[in-house]
Amino acid sequence: MTSFLIKGVSVVGGPATDLRLRDGTVAEVGPDLPTTDAEVIDAAGLVALPGLVDMHTHLREPGREDAETVATGSRAAALGGYTAVCAMANTDPVADTAGVVEQVWRLGRRAGLVDVQPVGAVTVGLRGERLSELGAMAESAAAVRIFSDDGHCVADPRLMRRALEYVKAFDGVIAQHAEEPRLTEGAQMHEGEVSARLGLTGWPAVAEEAIIARDALLAEHVGARLHICHVSTAGSVELIRAAKARGVRVSAEVTPHHLLLTDDRVGGYDPVFKVNPPLRTERDVAALREAVRDGVIDVIATDHAPHTVEDKECEWAYARPGMLGLQTALSVALSVFGPDWRLLADRLSCQPARLAGLTGHGVDPAPGAPANLTLVDPAAQVTVEPAELASRSRNTPYAGLQLPGRVVATFLRGEPTVLDGKAVK
Ligand code: DOR
Ligand code: ZN
């Protein structure tokens, strides 16, 4: 095992120092460490962050390997600065058994670029009719802790209650895709001025908020952990703020695209901007940003949702919802929040690692800590080129956009997965 000496790096925005990585851990931190036999990385001007952790990634394997695989998605993740990702359960077959989650977990180990932590489906086949084998998935080699029907809402309140009761026994968490299905039938975009002008069926904010209000009450009643996926409205933020204030065990995530883009993008009918929940308004974006700053929203999660050209470059109404996110999340967050490295490390690494129970991740580089970290060049500007992305799909909404910050290197347990901005395998 090679050891690395990272010279002159700012640890989460602090003063320049050296880091020695050896045997999978951060062995030493301090100025002017001796070189010994280490491989030296000149990191002057770079910032070291704990390796990013994505609570919400669609890797598409098994079933849609034409859109993404565990290997291609892992590569995109490492290049984006990630050392761990939670793989959503809406695969084909659905990750609703110990067998499927173990398969995904093993594929992640084999790719070896990030820790792939499978999410288990709440209900069999994501059909919202009966609970899947939650306990068997928790006890499997994949040790599932997060359960989600993401892509679908667990709409039946009785089933949602049972799911919360079940996972409470092993401190699991139900991650809800908050969308009251009766209020979003046929929906194509956010319901508001733009949808009225375009004549497209709207997805009203209340469809998200009604489920969050209900589930916060259920989580409070049961005393179990609830996580809200991809929060997209100002009203949702206020519901989560109120639930947290009265002690409900609720956490929340927001995506980079909901922090940056608004529904006026739909006007060009380019399906690259079609996503679920939909892009909202300036007012929502402002509230989401504020909620990240004040901690009501715990986590920035990508909802990386690769789709093939056939599923994306078609008429708006037929296009699948979703956009790529793994390789652009840090840059989008940096452009939104500026170089507040403590905030970025917390929302992109520490909080998601804590909520997902990924010990060894989300820890600042310090002596004895596992060497899961990423080195970022904050001065670099990168223009997003879809063809250059590591994902098997091309559906980034940021094509041609110049964004700040570049991931220079990523280390997983002391071994580089990215060096000089390139994946090592
Ligand atoms: O836009 C989305 N795409 N939202 C979801 O909830 C699911 C995801 C997907 O799987 O493509
Ligand atoms: Zn979702």
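Every residue, even glycine, has its Cβ placed from backbone N, Cα and C.
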Check TrEMBL for me: it has H58, L59, R60, N90, N276, P321, G322 binding substrate, so pick out which one of H258, H307 it puts in that same site. H307
According to TrEMBL, which candidate in D149, D150, D156, D215 joins H56, H58, D303 at the Zn(2+) 1 site: D150
Cross-ref TrEMBL: Zn(2+) 2 site D150, H177; candidate in list H227, H230, H257, H304 matching that site is H230
In whole Å, note down how far the CA of H58 (Zn(2+) 1 binding site) lies from the CA of D303 (active site). 7
For the recorded Zn(2+) 1 site, enumerate neighbouring residues of the same chain (Cβ within 8 Å of the Cβ centroid of H56, H58, D150, D303, site residues themselves excluded), in sequence order. T57, M88, G151, C229, H230, A301, T302, H304, A305
Candidates near ligand 1 among the binding-site residues H56, L59, R60, N90, N276, G322, judged by a Cβ under 6 angstroms: N90, N276, G322
For H177 (Zn(2+) 2 binding site), what is the secondary structure by DSSP, using just helix, strand and coil? coil
Beyond D150, H177, H230, what residues of that chain have CB atoms within 8 A of the centre of the Zn(2+) 2 site's CB atoms? H56, M88, S148, G151, A175, Q176, A178, E179, C229, N276, P277, D303
Would you mind sorting out which binding-site residues among L59, N90, H307, P321, G322 put a C-beta under 6 angstroms from ligand 2? none
